[in-house]
Amino acid sequence: MNKKIVLISGVRTAIGEFMGGLSSINQIDLGGIVIKEAVNRAKIAKEKVDEVIVGNVGQIADSGFIARAAMFKAGLEKETTAYSVNRQCGSGLQAIVDGALEIMTGNSNVVVACGTENMSRLPYYITNVRGGYRMGHQQLEDGLIDILTWPLGPFHNGTTAENVADKYSITREDQDKFALSSQEKMIKAQDEGKFKEEIIPVEVKTKKETMIIDTDEHPKRGLTLEKLSKLKAAFRENGSVTAGNSSGINDGAAAVVLTTEDMAKELGAKPLMEFVGYAVAGNEAELMGFGPALSTKKLLKKLNMNIKDIDLVELNEAFASQSVAVIRDLGLDESIVNVNGGAISHGHPVGATGCILTVKMMHEMKRRKSELGLVTMCIGGGQGISAIFRNLQ
């Protein structure tokens, strides 16, 4: 059980805007693209992959088969097994955690963990058709809104961001400043070419042309505090949470390959990061955005670490209000948090984000020669998930 779990590759697609460049690509295909590339970059034979684990939230229609189907799209062998996980916004990171646990328990030697989501393709549907309608108008339900709405409320995740802002005294100005900073960091990183190595270009064919999607589409150039301040509240009358200080609705995928340090050596693969540990914590669904503060504290206690030991953080920016609340509560140094922007600027393809943030972490740790990195995010329904990685590059 005391095996050193390492990541030997990590790759992601660009993150597509809602109804943007990746909107026509099935999330099974997006998963297949990154799984195949992650195995290629690990420089291992595909026969060596024991398990594929795919994080995905919109498991509707053919996506009920998403893990096995994506695995075959990646060209892996039929003997390789696969399953999917859904821990809402934490699904991509949970896939990595599950991969580590599979290896720790001796069930697998090599695991590909993936997160994939195409929010643009989530369908509208009509309920109760099987029972039959005799007459009258029927209402279409939006599958996209459904996965963003807590059913026991019911209330949209955005409403919880307002609750967090109220409870932790996060002002509209706090949120807009945080959002602008995210956009500025992301655009700077893009202009410096920081994401080129971690992104696999995706070919998209239309009737008129073939496009190559290799650049994150969500960043907003030319944004100012003044422009942000003019946006209307999105979830509550006279509220402070807007489209400008919230994450986007997006499409994308990422994958990593995990194994043990000993197996990496045997395969001739280079360890890039060590999976140190993880924790999940629960809280009120009404305050779900505060979850990362709780899961991070739980993890630090479990590992006998201090927040000051962490020198790089990828905190999912579901909303600026919850991001600011978590940063303040944990006493994080803002200069090490989301140094290349976050979900407010690059978007949040929900089931993929945890894996995307881990890939971003992997490449930034190499550039900075960081030692310990934290990936953490809130989860709809009232949870937080955190994982710590050690740089081996």
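Backbone N, Cα and C atoms are what each Cβ position is placed from, and that goes for glycine too.
Here's what TrEMBL has on this protein:
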| type | residues | note |
| --- | --- | --- |
| ACT_SITE | C89 | active site, acyl-thioester intermediate |
| ACT_SITE | H348 | active site, proton acceptor |
| ACT_SITE | C378 | active site, proton acceptor |
| DOMAIN | 5-262 | domain 'Thiolase N-terminal' |
| DOMAIN | 270-390 | domain 'Thiolase C-terminal' |
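Counting every protein chain shown, 27 other Cβ atoms lie within 10 Å of the Cβ of H348 (active site, proton acceptor). Counting every protein chain shown, 35 other Cβ atoms lie within 10 Å of the Cβ of C378 (active site, proton acceptor). Mean predicted confidence for the domain 'Thiolase C-terminal' (270-390): the pLDDT average there is 99. A coil conformation is recorded for H348 (active site, proton acceptor) in the three-state DSSP classification, outside any helix or strand.
In the three-state DSSP scheme, C378 (active site, proton acceptor) falls into the strand class. Counting residue by residue with DSSP, the domain 'Thiolase C-terminal' (270-390) contains 55 helix, 34 strand, 32 coil. In three-state terms derived from DSSP, C89 (active site, acyl-thioester intermediate) belongs to a helical segment.
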